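Colleague: Per TrEMBL, the feature compositional bias 'Basic and acidic residues' maps to 35-44, 639-652. Annotated compositional bias 'Polar residues' per TrEMBL: 619-633, in sequence order. The region 'Disordered' annotation in TrEMBL covers 1-45, 617-693. What TrEMBL records for 347-384, 530-565 is repeat 'Pumilio'.
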């Protein structure tokens, strides 16, 4: 979206060593090359697994047979029972030719159909027969699809408890073959996907579980910036069956039971399956054994209380500059048990945070580290190194690091005021008006890459900065007492700038965050008034319609009347838009148009009920200055927010709508979809489509 955070553009750029990062900055950009004395390229391995097995040509008779099978299935009229018999007979014909058939581009498609329709006995017989060749099938372009189809079919048959043991025997045979030469499969672009499917099956989770997929940037940012509970805590794996826990441990340990040179290759290989560590979340004993090995420590050197060898730390710090290893390190920080996280923090990252934050890949690892900070003492160490460097970090285009620090300060209830002060000082000097703070954060790249910052002005027609928007959303979650310069700044914006922000997806989220904050209602209405005359225009825009709804909720009766009056003028066009019906129903635009007096009476009753509720139970705002643990604070805030929403719904439902019943019944069911879209849209804005490349 627009001028995205430069740290989130992870394309094929030249990699720079951390020392060079400081010396070779041009306009905040990092250049330079890696230290050739520690060139990881020498550890890359070009595997040629197919050299050890010769693929024979499929004979014409077999080709004709499977072509007839394919034609048979393409015709209608084959019932399920007959289909299972055909699949079983056809799979028996593959005996001894599984590799040739699975790797044939045409026949492999037919073979997938057979594996999907076969019963568990024929399916397992096929896999056992080709077990020795399974890794080669998995590493083939066509064969990998056959292998994954077979694994998915096994998962489907696990719904029958009687099939458990025969499937376990089959998987055991396959796993034993894989761990004989695991690195070849793990570092193969096709084999790694098959291996992830096997690991998921052994874990007992659905094979398309997001745990093993590349996480979308919006989800990553939502977790790191407190917009939703972390996957480790709040989103348990979707278990489809009990899995094969012993086999999972056997396979994972076998994957890492390789030479030191192989470990080095796995660390930097882009197809490596090491991100499967996510499946071991909660198994602290296994993670305490595996993670140090992945960081380069020798198995015999791992002892309780000293899991990370100090001699390996420089190598780890250097490897964080590698794209693949930085991915791995983020996963390690996410799943590491507390005792191991603390040791990694103190040995690997302490006194290197700013150096790593400056790097194209390293800054993402720092974000992951900060997002997993366990207690206030760690936040203090983070602040000592990065707190005075806010401006430098923003100049380098690493705004994601700043966003993570602000989010961590809120979770851990520490350094909140210092964060606000440092952020304001990074974009606004002491002799400048605070009015420039919000515009400069909304356009971070435009401002920091400007050659004449003193004369920089709001750029017209430029997309607003995604991470800048997220930072401001975080800021407006602080207590209003801590963010006075930011409040002053957003209220100083010209009417035209407020309108432009409301039309921009990232800017609209900032306005909504301000309207949802614990800033006084009077100040919120000052901002809403700047949009008068444009609510109809905004309502026609997908993201703007949500802003209109927020404005309505935060307004008094006179402003609510003004908003609905403007929407009534575009009622016909609004009803045809995707988001219009929901907004019209929410604000009862038709009711206002037909019975304005009753509409006003209803709104007055709502306002009175809201006021009475707040006077009785409080506003529900959670001030950041209160003490408490991260989890307690987060859960309390979520409960209060849910309580307020429930209260509003109850008040709305008890007040009869002036509109006739039939006028709303036609829309039954649609509000849920609109609400779902709104929830998905909120918080993370439209985060960059691609966090990593």
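Note that Cβ sites are derived from N, Cα and C of the backbone, with glycine treated the same way.
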Colleague: For a three-state summary based on DSSP, what are the helix, strand and coil counts in the repeat 'Pumilio' (530-565)?
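Modeller: Taking the repeat 'Pumilio' (530-565) as a whole: 27 helix, 0 strand, 9 coil.
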Colleague: How does the repeat 'Pumilio' (347-384) divide up by DSSP, counting helix, then strand, then coil residues?
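Modeller: Helix, strand and coil residues of the repeat 'Pumilio' (347-384) number 27 helix, 0 strand, 11 coil.
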Colleague: Across the repeat 'Pumilio' (530-565), what does the mean pLDDT come to, as a whole number?
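Modeller: Result for the repeat 'Pumilio' (530-565): average pLDDT 93.
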